[in-house]
Amino acid sequence: MGNKQTIFTDEQLDAYQVRLLHGRYHELAPHLVPMDYTNDPDCKLPLALIVNMPELKENPFRNRIVEAFSEDGAGNLSFNEFVDMFSVLSEMAPRELKAIYAFKIYDFNVDNYLCKEDLEKTLNKLTKEELTPEEVELVCEKTIEEADLDGDNKLSFTDFENMISRAPDFLSTFHIRI
Amino acid sequence: MTSYSNDGFFNPAYHDSETLEIDRRSSSKNQHINPYTREDPAWRFDGADTHHSPVCQPSSADAGRVALGGWQEESWRRRDSIPMGVISNPGSPSWQHELTHSTSQINPQCDQSPSVRRPSSVSGNMTMRLTGITMNRMNMFPNTDPAFIEDAVRNEMEKEEQDLIKELVTLSRRDRIRTIRELPMCFEEKKHIRSQVLAFKTSKQSHNCTCFADYFENVTLCFRRCGYSIRSARQTLELWHGIMKEISGKFGTSVLSYFVFLKWLLMFNIFSFLVNFGFITIPLLVYDPSPNIPPNVSFRGLEILTGAGYISYTVMYYGGYSNETFVGLAKYDMQLAYFFTIAIYMVLCGIALIFSMARSFMKNFVLVNPASDKAWQLLCSWDFSITNERAVRQRKNNLRVQLKESLSEQAQRELLTLSEKLKQFGVYLGSWLLSTSLAVGCGASIYYLCQYEQEQATDAANWTLLQEAQTLLVPFVVSLMNLVVPLFYSLFNKFEHYSSQRRQIYALVVRNIFLKLFILGVLCYYWMNVVAYRFTCWESMVGQALYRLVIVDFLFLMLGSFFGEFLSNLIGTRLLPHVGIPEFDVARNVLELIYAQTLAWIGIYFSPLLPAIQILKFFILFYLKKVSLTHNCQPPRRIGRAAQMQTIFIAVLFFPFFVGALSMVAYVSWRLTPSEQCGPFRGLNSTFSVVGVWMHNLHEIPGSQWVIWIYEHIIESELFYFLIALIVQAITYTFWQISQGRKALIALLRQQIVNVGKDKSFLIDKLQTLQNSDPNKKSKEKDQKMHTKQCSDEQSSGSQSNSNAMVQALLARQQFEEEDERRSADGVPVPADISTPSALMQAMLARQRAEAWDEHLYQMPDNYPSSSSTLVQAMQARQRAESQERAEYIRTAPFSENPVNRFSAVSQTDRSGDLSSSVSSVKMQVREKSAEEEDRFQWVPSPSQNPAPPGSSALIQAMLARQQAQNEFDDGY
């Protein structure tokens, strides 16, 4: 733990928080993650371990969050990506960065747009799949209607960001305290 | 800049495929915002430190050999690394490319084979991503060769990185750090970018690097590390972090906002306690540690509640302070200290409130659009901080109910008839009248109660216990009203059905504010007009009254959370299950806090140590509320917009309450005569005259003339305040006008996004129909360079290229506009600043490509001897014109800070679309050319003659040019 500076430049994150995060990361799989990160070991934790963190356990989007931050898209996180994840979800992260990753999280089929299918999945995750298909359909249509600026019947990142900029709560709700 | 983009442009990969180019436009549209185009394969290669890579032996001989133009092809063939030290010519345009090679192009496997164009030679992750992106694009344009797409993606990514680094190098360090922090990349990439930028900087400065600079750098680094460690320490010591996390995990952000507010107020009070204690109380205690209490007064216990008796002789109240000047190491004038401490504290409070209010408004109210409710509920309302399983379940249920309700509401709303509307209006009117009259009644009854108390009370020093207990009557009634009347108000909600929940909350908040204002106003009136003339040491009496109010309010807050929450929880769970577990009412609780804080502000003059009581009160209240919340309450059923509510609370705290307290204190110190027997200002006409006395004394001290001048000419002169008021009004008016203008501009730009989106979908539809109608297209594209086209294809491919060029130009323009819009809307300048030059560059690239297409098409008619010299001449003339135009681009590019120039460049791009459409007829082209010449005469001088015409007219011109292009396109087609 001594030379955090070799891995994390002091401009990126506070040493205290990194140490805290490393502790959490280590705690997830003590036999896999070394305490010593001097040589930048190559170890990744699978999605199943990470979504069991108490901070993520009950989150309906937990799998999507982890996938959005993993480089291979399958949910395996290295420590660096783990730090990335919590720094984007921290209080200090700028709105634009948060918007980008929120978009990524909601974009289930990774096609760069929030289409109706994505919204339906989101809605089902948010409401325990207890709405009737007609209601789901209606809500998704309304959502697209409200937020779609350029009329292509799906939400691009621009649309999404525009909507976020009108929802000031987003900054405080897209926030996980570690 | 220009030469750089040309270098990139000559890469054949750009010209390989037509659809690819289109796709390139659309994908790079979101160049700096889109998370998916961010993935640069080149960055994945580098480890932590490539220069010391033990496996790859650097071959330094290659350092300076990279050709200026062909760096992109080179970068994929060369696998050897180049150490930074041997860059021979840092001034030349090629140096940055070499630098990139040296740090980014090293394959971990040290693969020396030239076959790097295949994805198999790169690491697994990268391959996956690359193929993922490629697949996406192939899905969009299925007729293209995947190899082309892959190359293009790769090149595009490389170029983006280069652009980014170049942008970053020009920024200042603070900006750079912030920009890098905001990049949507993973940590390794950020680190890589940063190291490249730093290497860039050092290689630039290496020749004038001295010992001193090194030393300086080290010292600044030391300071920065110090700062970071202090910040870390602060975070470790952060108050109640764990509790906050627990609350937000169980109840969500809106309930948390109450506790954040409470903590903020606590900090406020700690500050004011430190100020008052430090500057007023400590000097007095040092000079005269024993309070001068009359011998017949002893501590009886009840004083803790009433604040009378024993306590009234201590430093708690105004009366306990002396008016002497202490002579120790230095003179300490108690009068001045008291006056200036209170005054400066009030001013500081006001400034802090104004700033936090303004910041909160800016963040939370700027572009709030209440219309997009569904989208908000679906995509922004989920609270990621909730970690409790029960809370998650409850929240999901609530959301579902809300969605269902809003769906049924929409069906219901249209059914409202006139009579129903009238009825609803009547209910609103009735409830408002009732609530206001309740508030007025409360105020009046408190006034009469005070009068009654005043008849009973005497100015005696030694009250009996019963007399002392009687003083608690008024605070008791006031707190009871504060507790009970709001409950009545929330009963009204059952009768009036507000259409939105927010309106309902606002109505409740406004009624409660009225109530508290009436009560406080009546009390202040009573103190200033009755108490001030009746008692000998009236300031201490007011201080005692405030002390009692604070204490009794605290008791009632405790009782309220016991009865209000604990008992209703019991009732809800045991007796009447249909009532249910109570919710935590954030609005009511926050208003209670605001009321408590107002009492402390009013009391700061009469009882300087009242903040100490307040600190204690808030500290206990925090834990009390937390326990009561976790045991008795459930999360709010409705998901409100917490951030806006918080802003409103700060605003309410400032406007009626803080301003009211400030004016009360100011009136007291300006107008009322301080009591003759006690306190620091005894014997003066008013508190403020202490400044006059001080000025009078200053006359004797030489060298203090300027203080007297300031006092006489600024503080005491009406003219000064008049001028200040005028200037402030003028500034306010100007800013208001600016904001109005921005609003109009935002509306305009939003409309344009809509238009452009429609254009885009229209053109893409057209393009795809064209592609589908021409089955030979794919093979034809592959053979483009061999010029073996059939003449029958000419017409269709011509129109194809027209549409292609147009689409590109349009998309480039759209990208620019979107970026501009985003910048103006968000006020986050940094990323947009990066991307603007690149948007311009892309517009230019699109145009050049359009020209290349034209040229390519021109070569086709060569097969026909009949298409004779007219065409050739036209072509030559046009090429000449184009080269001129290009020269202009080079000239205009450096001015690209001016938005007008950018727009003109974009509109010229559009015109290139016009040009390409002229293939179909020679005459038309010649006409075009002349038209274009004319156009240029209009356009070129514009930056010099009229440096800043309004942006909107430039926009309109750009739109006109686009429309013209579209017309031309339709004609040609």
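Yeah, the Cβs are placed from backbone N, Cα and C, and that goes for glycine too.
Keep in mind that what you see is a predicted model, and the values were worked out from it rather than measured.
Copied from TrEMBL, the annotated features are:
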COMPBIAS  B:37-52  compositional bias 'Basic and acidic residues'
COMPBIAS  B:89-112  compositional bias 'Polar residues'
COMPBIAS  B:113-123  compositional bias 'Low complexity'
COMPBIAS  B:775-792  compositional bias 'Basic and acidic residues'
COMPBIAS  B:793-803  compositional bias 'Low complexity'
DOMAIN    B:537-643  domain 'TMC'
REGION    B:20-62  region 'Disordered'
REGION    B:89-124  region 'Disordered'
REGION    B:773-803  region 'Disordered'
REGION    B:905-954  region 'Disordered'
TRANSMEM  B:264-287  transmembrane segment
TRANSMEM  B:299-316  transmembrane segment
TRANSMEM  B:336-355  transmembrane segment
TRANSMEM  B:425-449  transmembrane segment
TRANSMEM  B:469-492  transmembrane segment
TRANSMEM  B:513-533  transmembrane segment
TRANSMEM  B:545-563  transmembrane segment
TRANSMEM  B:602-624  transmembrane segment
TRANSMEM  B:645-670  transmembrane segment
TRANSMEM  B:719-736  transmembrane segment
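Simply put, out of B:264-287, B:336-355, B:469-492, B:513-533, B:545-563, B:264-287 has the most Cβ pairs sitting under 8 Å from the transmembrane segment (B:602-624). Comparing B:264-287, B:336-355, B:425-449, B:469-492, B:545-563 for CB pairs under 8 angstroms to the transmembrane segment (B:299-316), the maximum falls on B:545-563. Distant neighbours of the transmembrane segment (B:469-492): 302, 305-306, 308, 431, 434-435, 438-439, 442, 445-446, 449-450, 453, 456-457, 508, 511-512, 515-516, 519, 523, 544-545, 548-549, 551-553, 555-556, 559-560, 585, 588, 591-592, 595; these residues of the same chain sit at least 6 beyond its ends, with a Cβ under 8 Å from one of its Cβ atoms. The stretch from B:264-287, B:336-355, B:425-449, B:645-670, B:719-736 with the most CB pairs below 8 A to the transmembrane segment (B:513-533) is B:425-449.
Comparison of B:264-287, B:336-355, B:719-736 by number of C-beta pairs under 8 angstroms to the transmembrane segment (B:645-670) places B:336-355 first. Looking at which of B:264-287, B:425-449, B:719-736 has the most CB pairs under 8 Å to the transmembrane segment (B:336-355), the answer is the stretch B:264-287. In the domain 'TMC' (B:537-643), the DSSP tally of helix, strand and coil residues is 84 helix, 2 strand, 21 coil.
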